[in-house]
Amino acid sequence: MEEDNKPDIKPVIDEAQKEPDDKKTSLCVALKILKKYNLNSTAETLKKEANLTDSAYNTSEHDVNNALNIFKSQGDPSVYENAYITLSKFVETSLDIYKHELGCVLYPVFVHMYLDLVCNRYEAEALKFMKKFGPGQESYYQADIQNLAIITKKEELEDNALISNYKSNEFVVRMSRDTLSLLKRHLKEKKQTVLLDIVQENLFFDVYEGIARNKQQIDAVAGGMIGEGTRQDNKSRVYYGLLKEPDLQTAAATVNLDEDEEETQESEKPKKKKSKSNPLLSKKTKIDPNAPPLDRMPLPQLREIDKKIKVQAVLDSAKRVALNHETLPSICCYTLLNCSNAVNCATISDDATMLAVGMANSRVRVWSLVPQKLRAMKTADQLLDIDLESDDVMHRILDDRSAETTRTLLGHYGPVYQVSFSPDKTLLLSCSEDCTIRLWSLLLWSCVVAYKGSYHPVFDVKFSLHGYYFATSSRDRTARLWATDNYQSLRLFSGHFSDVDCCQFHPNSNYIATGSSDRTVRLWDCVTGEQVRLMTGHKGEILTLCFSNEGRVLASAGNDCNVLLWDIAHGHLVAMLTGHKGPIYTITFSRDSTILATGSHDCKIMLWDYSKLLEDLSLDDMNVHNPTVMNNSPKYLLRAFGTKNSPVIHLFFSRRNIMFCVCSFNSPQSN
């Protein structure tokens, strides 16, 4: 990339915070207790006498809560069991209109009661409490409950990520004002100190005005590790519109000129060169009111080769097949044989000419999908004889004698989890269990940069649609924004409570979506580094994400076998598609946004009528306070295609709406 094409965005360097000492923690605990009982004047006096300043004594909420746990009541452990039984009976005997919202407090209360019993060294009572009430919790919490049940001693509470999440974060419960009033009245009447303290200290009620939600509405958005997202989490404005396309007439003239020369050479008769004006290229795009300002995110300037690629994409779109419920896409399936349990990922370049696969044996394999083979650059001596100003310099620098159908890239020393092509096909990114991201040159066929941002495996990597930037997600519970010419990450997106399994750029490159094992989908602003959307509803790990072509809808799927569609304008779940029987590995939208395709471990490809779904949703007329979640999957399922014992790991729509599928064949002997 040329120097004048590099966007000017500065890295953000986070300074490590010093851990608080015991004196600081004790003082902060005292201040917290004083403020809890509105003894503000006494708190200020203590602050002055102890010389407490925000910069010197910045103790985290987690440390304060841990210190408070030491002073928990050492009363009768049976109080916990009786209090939970009383709360359960209250929920069951409540009116149906309130029952389902009241039931949302049972799980967080169960968790914190168990932790209190373990913290107070009532190990036998804690085990009994877990066995009695654990199986009765919702199915999507059972995996967390199993991990929780392993903790049986107070010493085991330390340095446990799951316990830390529960102790340092309030469990969010969205509840109507009437339902909350009913709960408060019950807690005051029963006067159960243990239950009251847990609710006050560990639960956050996101109160709204109106009728209480029914069971279907609650189940649709339930499942997050620490509850639902609050309305405040989704209040920021999101510029989901697309950027205005650049003027491509000049580049189109060059492409047309090249085509004229080729036709002349083939016919050996000179033709009069006429200036061609393609209506697709001369059409002026309307300014999208929801698009971000052009200077909001510094994007790389388009080079001549980038413009030619865009022109070719527009010309290909003119030959695009219009898909609908009657005209389904043609499917070209590539099946990888003799590699059982060895293929982790696959991706196809935007022009559908190359396929890259990440292997469990740390290798990256690249295939050519067209008759033209993969060539490498000529030697340095041969390059000296080439005119770098010529229009076909990219063809001249490649050596035809080095052409091969497939190439292998060696450099990682752990399983490769994901690969991603750059828009111009000259670069390839890969991420691995070895904690590195490698940038490969597809001209030299060697690694040119190895990025290292953490000491944890990197699960996903994605190039921006505009090039230059790329995003990664990792086991360290963070996602990062990178630039190809910078060894350090530009932004660190921190907020998930478990592994970040996948990431995806928004079509305008201003936002990055992430999916995590904490069962939440989050949207991050690349400019500010802040979280702008928090969406809950998945019941398992999220493995794949995909934005619609217009940029407003985000599709996500994973181990719960469901496809969820989100309106990122407001952060609402708008539709759920069910039908797969295994984890969903890949999602993609057709180029004309009429069909949504999903591929799963159950060896099936499902095609959904996305255009019909959009008509029924009417996003612009939707109730933004309490939207209805569309859940009529058979109505929108167009067709299901099965493979022969080959899980689907990648789906891709070409510019002409031909669907490409990549599968990995698992022989019956290997199962």
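Glycine too: its Cβ is placed from the backbone N, Cα and C atoms.
Among the features that TrEMBL reports, region 'Disordered' is placed at 1-22 (among others).
If you take every residue in the domain 'TFIID subunit TAF5 NTD2' (75-203) and average the pLDDT, you get 92. Per TrEMBL, domain 'TFIID subunit TAF5 NTD2' is recorded for 75-203.
The region 'Disordered' annotation in TrEMBL covers 257-297 (among others).
Annotation comment: TrEMBL describes 409-442 (among others) as repeat 'WD'.
Among the features that TrEMBL reports, repeat 'WD' is placed at 451-492 (among others).
Residues or ranges marked as repeat 'WD' in TrEMBL: 493-534 (among others). Within the same chain, residues 12, 140, 161, 165, 169, 223-226, 229-230, 233-234, 236, 238-243, 291-292, 296-297, 299, 459-466, 469, 471-475, 477-481, 540-547, 549, 551, 554, 556, 558, 564, 566, 568, 571 sit at least 6 positions outside the repeat 'WD' (493-534) and bring their C-beta atoms closer than 8 Å to a C-beta of that stretch.
Residues or ranges marked as repeat 'WD' by TrEMBL: 535-576 (among others).
Feature annotation from TrEMBL assigns repeat 'WD' to 577-609 (among others).
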Counts by DSSP class (helix H/G/I, strand E/B, coil) across the domain 'TFIID subunit TAF5 NTD2' (75-203) = 98 helix, 7 strand, 24 coil
Sort the residues of the repeat 'WD' (493-534) into helix, strand and coil with DSSP and give the three counts.
-> 0 helix, 24 strand, 18 coil
